[in-house]
Amino acid sequence: MTLILGIDPGSRITGYGVVRDTGRGCVYVASGCIRTGTGSGELHERLQIVYRGVREVIKTYGPVTMGIEKVFMARNADSALKLGQARGAAIVAGAEEALEIAEYTATQVKQAVAGTGGANKEQVMMMVMHLLKLTQKPQIDASDALAIALCHAHTRSSLIPHGLGTARSRGGRLRL
């Protein structure tokens, strides 16, 4: 049974989701959001909150692997850069705790969880609730993080029969 951490990075709100992969499916462990505040806090202060928050989640739940969403190019380049920096803070937190880290596009996550890369957030949330047998809707960023964790569990289980379950690239980051 493997504990998997999913991270939906953001410079204002970073979602996290922890699931246990039993080999026959996934079981919900925890989820939530790391909020950096809505004030005009400096970016470096918000990134430090993301880093510390992810480390705290790792220390609390003890996952051995982490899936994180890749940056997409938004219309606003500044937003994409801030998102990339928040991802970096989360990745460093995972790397410091020696987690195996894999990155997924939003389309890959939607495909793995909802069966189509064009699924909307509500469809993804409903599938997350169904797959993890949740009775209440999680926060949207936490739902996205749980979807990333489920995608990572699915991808890991499909790689194991091919002898790639322990594949690692430099620095422990898998590039799928």
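Note that Cβ sites are derived from N, Cα and C of the backbone, with glycine treated the same way.
Taking the Cβ of ASP8 (Mg(2+) 1 binding site) as reference, residues of its chain lying under 8 Å away and at least six apart in sequence are, in sequence order, THR14, GLY15, TYR16, GLY17, GLU69, ASP141, ALA142, ASP144, ALA145, ILE148. DSSP assigns ASP8 (Mg(2+) 1 binding site) to a strand in the three-state reduction. The Mg(2+) 1 binding site feature in Swiss-Prot is assigned to ASP8, ASP141.
What Swiss-Prot lists as active site is ASP8 (among others), and the listing cites sequence analysis.
In the three-state DSSP reading, GLU69 (Mg(2+) 2 binding site) counts as strand. What Swiss-Prot lists as Mg(2+) 2 binding site is GLU69, and the listing cites sequence analysis.
What Swiss-Prot records for GLU69 (among others) is active site, and it gives sequence analysis as the kind of evidence.
Its own atom aside, the Cβ of ASP141 (Mg(2+) 1 binding site) has 23 Cβ atoms within 10 angstroms in the protein chains shown. A helical conformation is recorded for ASP141 (Mg(2+) 1 binding site) in the three-state DSSP classification. Annotation source Swiss-Prot lists active site at ASP141 (among others).
Cβ contacts within 10 Å of GLU69 (Mg(2+) 2 binding site), excluding its own Cβ and spanning all protein chains shown: 25.
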